[in-house]
């Protein structure tokens, strides 16, 4: 078992949610499952125990799967800094920036890191559940893709599309995605799952059946709308969904009104999700200065660009609202970037390089941005409360006046500042802090002693999600599909290829018998490994084989070419071309690697007077081929002029055919040469008899470089 990729018909279709639910459901079955996302573009991140940084969604998925969160689960994290530039986090550590113009073509080193991470996870776990990004049908990004179909092709992963029916147009979204992707990518689209369905499913089913008929994709389930499931999102677009999911504050409770400033470059907005899960707390996200001035608590959250968002805050009059709050003694909490904005001065020579910028001046702190980024899980205290959280920042805050300690930061009156993300997820601290906020704001709010804690609420949501996935999604079929996965765009069969050793050897060359197909799905039949034979007296047998090789190389397959009879001293065009392709792969990572070996001293036939022991060369060559078949070294093996070797009796044809029929994994084999043995023809999936109709040789012309060799 290897992996399966969960893609979406669009951004925010439910991929993260689906992977989380699948991981927990399979963990409950006792399967060693692990989540993976090659690249995440998000300013919502978490810090692992070793200080590495990953997307928040992957951190949660790791918890759902019961594995330790680590950078290998999300090897590439892009954190948008501006509309045209993103900060790169590679294997959890800062790794420069990526400009918008480089997005399609400048990520080869990131792809290599992502592929290596997936391979490591695949080698150490039963099943990798991969989350795609955005849509797999972005044709403008396909050439450099390593997150969606690029990853699926590299490792032969079946792909399941998730579509959000609540948006409308679900059938068009599914069919459009299938129709836009290339034919090679389309072959990997195994099925689809509908998310957020409300109503009578019998009304929807005919449409889903129609999509299956049109595309061949299987309907793997319809997940209903799940009330109260608002698990961590990847981006700031999701921060105000808590209110819609959790509903208004009950009338019997005195509400504590909290507003979160919606910065354009907001980051780690999930800091305040715990407030939304607190009974009696009414959370809103706003850019309105009047609302910011009126609430009981105003929160300035994290920002990916503190100086730029501070300028935005001033442009929208929010600085005046904050000053009014200070004058009235109404609470303000700054977290990370929001805390830095409350300082006297910000000296930014790193993120925006705008130098010294005046802050809002509510706290006696000066901020200096350092080149080194701090990422760590940390613990601080506030009164009797031990508070766990994590830090992600370049800014270093230095106190320059009188203030009271507040966690790692400072407090002056009703203004609080901390660099610690996740502090509000600590139930006891959150309740104590909100009680102090209510006192300062003159509100009669009190914590509910019977309320479910934040961590317990999230765990309950994961279980609810897993229950729905187990009930509504065909996990058994998804496991079958994952078991089919093989290298480089080809799905492995769920059952071994049966041997045909008992088939009769004598076959009428003009009436090849049909071999009864094993009971596989249409998808598995479409992706079966082929045994192909090009034989006959006509020209073009090798040419056709190398054409297949060229196609395979472009799909990223590893290719092994084993030429019998032909000498390596003859500079054929095909050998020079494939050696050049191997060089391209070594330098750029494009295509697949190529191995080329020759076992002979002739051209297309043995030469008169040749001194080489052709039988010994053939035996040595076959030994090399057999070793590679058993080791599954290549995706495609081309055995050129191999029929000639078998016809000469230099090898045991029965032993050769048995080895080919029982080759493990998903290995295609193309064999060329005249006089293919009957047993080989009977065993092959595809046989072509090359017949000459007309050739320049008949008129006495000689072979030409580039045409014949």
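Heads up, the Cβ atoms here are built off N, Cα and C, so glycines get one too.
Reduced to three states, the DSSP call for residue 336 (active site, nucleophile) is coil. Under a cutoff of 8 A between CB atoms, and with a sequence separation of 6+ in the same chain, the neighbours of residue 336 (active site, nucleophile) are 267, 268, 301, 302, 303, 391, 392, 393, 418, 419, 420, 421. Residues annotated as active site, nucleophile in TrEMBL: 336.
Taken from TrEMBL, the feature active site covers 421. Reduced to three states, the DSSP call for residue 421 (active site) is strand.
The annotation domain 'CobQ/CobB/MinD/ParA nucleotide binding' is assigned in TrEMBL to 4-230.
Marked as domain 'CobB/CobQ-like glutamine amidotransferase' by TrEMBL: 257-428.
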